[in-house]
Every structure is written in structure tokens, then in C-alpha cells.
Amino acid sequence: MGLIRHVKQVFERYAPRIIGGSLLAYGFFGFLLVVSPTLRHTLKPVAYTLDALFLPVSHLSMAWSVFIAVLGAGLWRCRRAAWVTSVAGLVLLNVGNLLFYTFSPETFEIPPDMGVLFQIGTVIQALMLVFMVLLHPLFTTRTRRINVRAAALTWLVGTLLVSVLAVALVFKFPGSLVGSQRVGWALNHAALLSLVDRSFFDGHAPRFVAIIISIAAAFVLLVTFFVAVRSQRSQNSASATDEAVVRSMIKRFNQNDSLAYFATRRDKSIVYAPNGRAAVTYRVEVGSAIASADPIGEPDSWDAAIDAFRTKAAEFGWTTGAMGASEEGARAYQRNGMRSMHLGDEAVIYTDTFDLAHPELKDVRQAVAHAQRDGVWIRVRRHRQIPAEEMQKVQERADVWRDTSEERGFSMALSRLGDEADGECVLVEALVGEGSDAHVVAQLSFVPWGSDGLSLDLMRRGPEAPNGTVEAMVAYLCSGDALNIRRISLNFAVFRSVFASESKVGVGPIRRLARKVLVFLSKWWQMEALYRSNVKYNPEWVPRYMCFDNSVALARTSVAAGIAEGFIPWIDSGDMRAHAAVETPGADVAVKAMHRWEAKSSKKEKKHNKQLHNRITTAQKLEESGVDPWAQLPTPTMTCREVHDAQEGHAATIAGRVIAKRKFGAIAFIDLADASGVCQVIINKKDLPEALPEGSVRPADVEVSDYIQVEGITALSKKGQPSLLAHALRFEAKALEAVVASGKNEKNKSTQETSPVRTMAQALTADADLRSRLYASAARMTQVRSELNAEGFVELEDIPEIDITLHLLAALTGGAARAFSIALPGVHHGLEDRVTELELIQPERHLTFMATHADEAWALDKALTILGKMTEEAVPDPRTVGFASAVADVTGQATVQTESEAREICQSLGLRVRPDESREDMLGTIFMNKVLPSVCGLTVFTGVPATVQLDKATGLGCAFANGFLIVNDGQIIASGYAVDTRPAEMKEDSLDTDTVEATQDVESLLRLGVPAAGCATVRL
């Protein structure tokens, strides 16, 4: 029994291949008979034998050979459609045999010695039909939808044209044909694949006529097959619904996948997980379904989507593969029975670490400088910002500048530039010229990668583009902050590790040979060029993988991937912008899932919790009753503080925010807060009239955080607390959300993202002490301003922090004896950047002041004086330490004379420094990281270099003289220095051209003559 079962399994496995292979051989044999008269004459008995025993061997019909070969290929792959066609053909053949023997056996020309063969063949052909019917269970592979109308129309039109050509040729070269048989013979060869036995005709046309008609008929069949195959892609590609679902999945689940957006290509098919929460996008080439990178959607549903993908592939007889999968995606494919191999690496640039000054970016820096010298400037826009006429020109340039006949890319290219659905894509253009003469010389198009990233889709460079243009475009995009881009994915480098081994030591012979082969192939496929165009940016290399069924299927998967990516010429994919008219199976489930997660996301973003719903309901009821919850009311007559100080029995109106509410029977207590403080409001229901005054409300309508106005009489509570006995409550602003300070009562916090201004409002409302500190700080700021003005200081307003020192020096040069400016710093020098509620409400300001006829001692004394006025406590006498001495205590060296010494010390202390840092920069790094954190109490450091000053003293260059720092418990609170006002030309180091060039603005002022000056910056 085991042997029988084994034989049965082997037979079921190989029977379709044997049948299909036989038909392929049959078709090839017929082709040889058409093209070779010698073989046709030599093998004539064989042809007659095969024709009699098995299937017709059509006389001089290449179209029949093509048909048989295509049918054989389908049977080899167990196609159900090929089986149906075969059975139908065998039925017709057996019916013909039956009719032949029943009605007119004398009609056909049968060689006398082959009559027995025809009789045997009749039996064999009947058995073939029975055999094919019995093998029905083996042919289960389905065929994808095709455009039957388009294919049929193609065949009909082509056959009609070939028939007209055939009739014309036969009438021109009739050979031995006469009369109406000319038309019949022509139609037999043009439309009927020469299957009508030649015995029906009394003659035949010349052989060259038969061959021409045969080739034309075969061409029609091939074109019909081409149309059918091409329509498979359009009929099975993504529909508009599919694209909407995929876009929603990407937005919800795939923000970190740089290739996710490319899943929206419309020439891809899609298969959904059963729950509709994930999907695999793919394309079928040469019998292999190639998935596009990672699955789309919820990662927890990836396995289900991959399983559905592989199940569908098995149903249609495809091998499966994936191109450009991430490590996470490759693991998911492996979990579902596939294998993976490292294909290459994706180049990713993080803009926050991209610095053209970095030594490793020297080549890019030089290229950018070259492009800038040639007048290249960059323009960046979203696609939606580009007018249609201009976008048309962008598309035309992309087509003209393309260096291949077809657009390449599948898993990492979109191939539909200018589509209205891609408005968030980014176009980077390099232009040369100004005004109306400006013209584009290069363009890059990027697709979105999450909310803060871009992935390169298209790169085009015109022939007139100067060297370094593309580098300038990438550098501009990395350096600019207009789009808030944090990460950029560039080209994919296939086999990067092989190319990168060029400069490595100890590379083995196999790796060297592989590199030579890849370099050779790069002449056509630009693999090495892509690697070198990426590596210059010093990107982070992210591995990408190719997945496949097994080692046997690897070759087919590789060919299919090459076709999909455009490296191997094949049937193109047609219109990249059109959607399929037929919905993908499972799309309805995916749409329902999409609606659920979008509704859930919407609730998270705009969640109307129970409290919010109740407050909205209350506000609506108030409006319906004629009360305006946001009324404009008269100015209050008292503040909350004045209620405390007022005599009993005074009529008063106060306004403020409700910060607490209590109720004891018929009496309600409200704590009301305004800018002056907090007071208590008492409402006795018995004292309120039945008919409330116009616009007033009852205590039950008032909730915590509402802003109300209260009319009443000043009084004392039973406990003696000054209060306002209310007889009318009115709304100035109904709060739909309770004002909650950050970190308090998180349960009732709004679910929307908290903005800085909201944080500020919440903190001020909830923290009376914070309000007091804000008012006190503002008062001290006003006092400092007033005192500085009284001392003759002129205030310069609205100056960017980076330019304050220069503007103050300009004011002194212009005749002002003293000047100051107050600014919000963009960066906290020497301190960790952090934003707290206190910093939002009392933002740190830098007061920078400068005076003529002053020095470092004056600046230090003035800074200490201002610090004393800005604090409520007395400033203690500081201790004084020399900067060099403090650094020496840490380094163990009395002096550090050279850059190399400073660098060695930094390395020994574990401090990272840039290769281009000066000795002063490195000493500043040591001070900021090792000295400053250990300072306790108020300390003044003298002899401080410019690199650690609070203001931009580094920009003063050689105009910077002696400096100081005031530090309190590890934080720099003030700094200052004496300005050396001698022009650079009058100094001994005037030949230091680098310094002079770096401080040209300062030197241009000093040449005008400036008295000795002192400058200081105080953190307020």
C-alpha cells in the first residue's frame, strides 16, 4: 500500500508537467516544420503519425504552434483555464472524429498505409479526453482576472486584418488555388490556425504566402496574449478604496517605515489580512508574486496578512518573494515559511546630526561650495503648493532628463509625479539665474515618511547643472527647518557591503571576485554609482532584505524582482495613475476596520469626555434660557484683595475664576481668584429671588474654572472671614474644560495635545504663588529698566539675540554713552535645554548692557547690582577664582599651551571634542563639563575666554579682552568682559587674517573710533 501511495503521489506531482512539457515539445516541433523546409520534408512521416495518433500538426501554421505552446505552459503550471481549454479542444477533436467516421470518411485524404493509425488515433484521442477529465483535481491553479473584452477585441480586429491581408495575397499569388477556394484557404490559415484539413482544397498557395499569413496570425495571438497579461495587472491592481485604506493604514500604523508610502502605487495588487487591519501589496511577474517591502497596517496583524498573501499565491500557482523588507518585516516573512537574504542598505540622513563642517563631509562641502559659486540656489515646496501648469513642466523635465527608457523602481519609487493625491510630497529644485531668467537645472521629489521624514522618489539632473548641484540640494534640505524634516531616506544601495569592502583589509578572494562582478554589472545597472552617491553624505545605513520561498525559487524571484524594479525589460505596467474598477476581495472588511481605527483616533484627538459633555450641555441650556455664557459685562468695582479690606455692607461687583466650590445645605461657597488674590463668595439660596435678574444664573450652573462676575455685599462669614454675600451671579466665560495644572488630576486633563500657552494658562490659574512670582518678576523688570534709564542707559528693542553685542557696540560708536537690551535667548549656553511651567511663565531673559569709559570691574559690579535687584534676598559676597586656576585644578596642569595638550586632556577626561576646535574652545569644554557642575554658592570666575560667555562674545574675535563669569550653584547667572576697542590693524596680532575675516562687522565699527567699553550679560 505504501508503494502504491508513493507512486500515486509522484504521478499527481509530475503528471501536469509531463502533459504540459509534451505540448511545449509539440509546439516547438510544429515551429520547426514551419521554418525549415528540409525538416518538413524529412519528418513528414513523423508529422503524419503524430497528427493521426495524438493532436493535429497543422500544416505551415506558426499560430497553431504558438497556441499549443502557450497551452502547454499553462498545463505545466496546473492552470485550471488551460485544463478547461484542453478538455474543450479534445471534445471538439473527438466530436470531429465521430462525425468523420459517421458521415464522410471518403472526404479526407488519408495515405493508404496510415488508415490503421487514424483508427488507433481515434481511440487514443478518446482516452486522452477521459484521462484529462480524470486529472481534473490536479489542475487547481486559478488565473487572475483579465479584460476579456479588450483581449477578444484585439483578436477579432487582428484576425480581420490578417484575413484581409491573406485574401489579398492569395488573389495576388493564387498558386494552384482556383475560384472560391482561394478565400476559404486564406481564412483557414488566417483565422482557423490551418486546422481545416487540406483535403478540402484542390490546391494551395505558394509556401511564402502561407508563411507570411502564418507569422501574421501568430503575431495576432501573441498581441492578444500581451493584452490579456497586461490587463491582468490593471484588472487586479489597487482600486480607489484600496488606496484609501492603505493611506489610512500608513497614517495609523506605519509612520516609522520609510518605504510605506510607496505601497500606494496603483500598479500593485493588494491582499488583506482576514481582520482587515493589515495588508501586503505585491506585483506578479513571470509567475512570482513580489511583495513591496514590509506589510502595511497593524504589526500584530502582519502574520495574518502574509499568510493570506502566500495562500493566494498558492491558489494562483505563484512563488512568493519580497523586495526591500526591513529587519522587522523580514522576521515576519520568515515566521511564515519564507527565507531572507541581506540585499543591501538604505541610506538615511538625520538632519539634527548633519553638519557640513564635519570632516567626513568634506567632499559634500566642497561640492556645495562649487555649486554656490556657479549661482545655484534652492527652492523647496510641497506638491500641493505648485500650480498645475508648473507641475506639468516638472513632469516634462523628469521625462526629458531620465537616463533610461522606462521609469525604474517598484518597492522604492512612486512613478506618478504630479498626482493630485500626492500633495504632501516635496519637490526640491535647483535653479540658476535670478528673476525671470531663473531656470531649473535639477529636481528631487520626496514622498512623506511619517510626519517628520522624507523618502527620495525621483532624482533628475539636467545637462546644464553645475557640479555639486545634487549635493547642494540634499544639504539644503538637511540644513533647512522650513518643513521640520528630521530624517531623509536617500537611494537604496544594493550589495553595499560588497562595494564598501574596497578599502578594507583582509578581504577574501570570494568577496573580491563578487565586487569585480558587481562593478562590471554596474555599467548597466548603476549599483556602484548609487552606493557612491550615498556614502558621501555619511548616512546611517539601514539594512534591507529580499525574501523568497526557497533556494529553488530564488532565481525566479530574482528575475521577477528585476522586472518589477525595471532592470530587466518586460511588459510595462501601463498607467500608474489609474485605479482598478473592481474592488479587491476583503476590501469591505478593511474599510470597516479603517472606520473603527479612524473613529478611535478621532476620539483620542477630540475626545468629549463625560465632564466636557456635561459642560457643553449646561452651556447649551443656558443659551436656550436666554443667558449668554460668554457675555460682555461692565467692569468690576472691586478686586478680590479689596474685598478683604472693605468694610461690611458695601455693595461690590467682582470678577474672577472659580477655583473651588463647596455646598452646605442651602448655602454655597465659591472661592474666586483674580490677579490680586482670592476671596470667598457666599450664596444663600433663600436670599436669591424666584425670578433671577437678567443674565444671572443659579449656583448649580456654576462649575470650577468658570469665569464669573458676582454682585453682592461685603460681609463676614461665621468664622470671621471677609466674604462677598452674593445676590447675582453672571457668566463672563463658561469653561468647557476644567483648568488643571500639569501633573495634577491627570484623570480630568484634556486629551488634546497641551500647547505652551495652554500650559501657561493652567499653571497661572492653579498656582497663586506662581502668579505672585510673575507679578513680582514683572515689577522688578520694570524697576531695572527704570533705574537703567535713570542712569542714562538707552534701550535697544527687538534685536535678535545673536546680534545684541554688535548693536550695542554700534550704539556706543554712534554716540550713546550707555546702552542695554533685553532678549529671550534661543539657546541656554552652558545649560541643559529644558522647558518647565516656570520657564514658560517667567521666561529667562538676557539683559546685556554696555558702556563707554568702562572696564571689566565696572561690568562685574554692575552685574552684581542688577542681580541683587532681581532677587528678594540679599546677594552674598561672592568668592573669586581664576578661570585658569579652576581648569588647572581639574586637569592637574598649571598651564595648557597648545591645542594638542588640550585635546589629550579632553580625551583623558572622557570629553568629546571636534577636530577643528581651538585650545580656547577645548578649555571652555573642560570648564563647562568638569568645573561648572561642582561650583557651590556664589562664585566669580575671572580671566574667562569668550567661548563660555552668555552673549555671543565669540563673534567679537580679537575685540574680546578680559572676561568674567558669575556662577551660583553650578549655573551661570551673569558674564561680562572688557572690550578692546583698538582696531585690528593697530594690534600685534593684526596679521591673523582668519580672526579679522570672522569679525568684519566689529572691526568696521572699531575703525570709527570707540572709547574703552565694558559689557555684561545677566540672566534675569
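Cβ atoms are placed via backbone N, Cα and C, with glycine included.
The model shown is predicted, which means the values in this text are computed figures rather than measured ones.
The domain 'Lysyl-tRNA synthetase N-terminal transmembrane region' feature in TrEMBL is assigned to 13-227.
Residues annotated as domain 'Phosphatidylglycerol lysyltransferase C-terminal' in TrEMBL: 249-548.
The domain 'OB' annotation in TrEMBL covers 653-727.
Counting same-chain residues at least six beyond the ends of the transmembrane segment (14-33), those with a Cβ under 8 angstroms from any Cβ of the stretch are 39-40, 43, 47, 50, 54-55, 57-58, 60-62, 64-78, 82, 132, 135, 138-139. Among the features that TrEMBL reports, transmembrane segment is placed at 14-33 (among others).
Residues or ranges marked as transmembrane segment in TrEMBL: 53-76 (among others).
Sequence-remote contacts of a segment are chain residues at least 6 beyond its ends whose Cβ falls under 8 Å from one of its Cβ atoms, and for the transmembrane segment (83-104) they are 55-56, 71, 74-75, 122, 125-126, 128-129, 132-133, 135-136, 139. According to TrEMBL, the feature transmembrane segment maps to 83-104 (among others).
If you look up TrEMBL, you'll see 116-139 (among others) marked as transmembrane segment. Long-range contacts of the transmembrane segment (116-139) within the same chain: residues 12, 15-16, 19, 48-49, 52-55, 75, 78-80, 82-83, 86-87, 90-91, 93-94, 97, 101, 110, each at least 6 residues beyond the stretch ends and with a Cβ under 8 Å from a Cβ of the stretch.
Below 8 angstroms of C-beta separation, residues 177, 182-183, 185-187, 189-191, 205, 209, 212-213, 216-217, 219-221, 223-224, 227-228, 231 of the same chain, each at least six residues beyond the ends of the transmembrane segment (151-171), sit close to that stretch. Look at TrEMBL and you will find 151-171 (among others) tagged as transmembrane segment.
Residues 34, 59-63, 65-67, 70, 146-147, 150-151, 154-155, 158-159, 161-162, 165-166, 169-170, 173, 175, 186, 189-191, 193-194, 571 of the same chain sit 6 or more residues outside the transmembrane segment (208-229) yet have a Cβ under 8 Å from a Cβ within it. The transmembrane segment feature in TrEMBL is assigned to 208-229 (among others).
Applying DSSP to the domain 'OB' (653-727) sorts its residues as follows: 6 helix, 46 strand, 23 coil. Same-chain residues lying 6+ beyond the ends of the transmembrane segment (53-76) with a Cβ under 8 Å from its Cβ atoms: 16-17, 19-31, 33-34, 47, 82-83, 85-86, 89, 93, 117, 120-121, 124-125, 128, 139, 189, 193-195, 198, 207, 210-211, 214-215, 217-218, 220-222, 225.
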